[in-house]
């Protein structure tokens with residue numbers, strides 16, 4: 001995986017551009033469709049098919065609880081192993097799923113098209129864990145269950161800010177994955193990226209001080225998980241991006257499968 005922050009040349013080829021020109025923005029990659037279905041299924045099953053006790057067990061077993069990591073592991077089950085990732089598939093209501101689902105379609109699609117399935121899955125798992133443990137570090141020993149894909153979605157937003165906002169023009173969901181990766185400094189110098197990031201941070205500040213925003217589900221919103229996720233995606237996207245292959249001087253660039 002590439003870990004540099006330097007700019008990369010575009011990866012587009014004429015045939016790829018012709019194929020993408022016929023694809024609508026919401027012609028989602030199959031993996032993303034599967035993830036959206038999994039999010040919906042992980043809500044419907046415990047909420048409507050399980051008893052109240054079964055629902056509680058499901059949330060406890062797959063939700064992230066900071067208290068787990070303040071208690072000796074020998075005194076508990078193995079939930080601490082998988083919950084840093086599985087919590088990201090759980091949601092508190094239809095509004096919660098719709099809110100995260102819309103952002104996931106908008107920012108997850110270009111990231112997935114750019115980095116491929118395996119890197120996307122890795123980014124999902126790592127950003128979920130970083131968001132969860134960042135939240136736990138600021139809420140050590142808390143018994144509140146953390147659920148939702150917001151931390152991962154925030155990481156995808158941060159990742160997209162490194163390539164999907166051309167210096168000339170706005171956000172491109174259709175062709176953003178073909179753009180060169182910008183360095184951190186270059187991305188922050190991009191007016192569109194800067195405005196988007198400031199607005200995003202302002203929204204999370206409002207959440208932190210208790211101002212209700214669309215997408216809240218009536219409970220406490222883990223704004224800190226959002227911030228940790230965004231920082232991971234923005235600062236470390238180069239670790240997940242596909243390495244460049246080919247003769248850069250001739251403009252021939254090939255991405256591995």
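Placement of Cβ uses the backbone N, Cα and C atoms for every residue, glycine included.
Your range for transmembrane segment, going by TrEMBL and the list 31-50, 171-190, is 31-50. Counting Cβ pairs closer than 8 Å and at least 6 residues apart in sequence, the transmembrane segment (221-240) and the transmembrane segment (57-75) reach fewer than three and form no contact.
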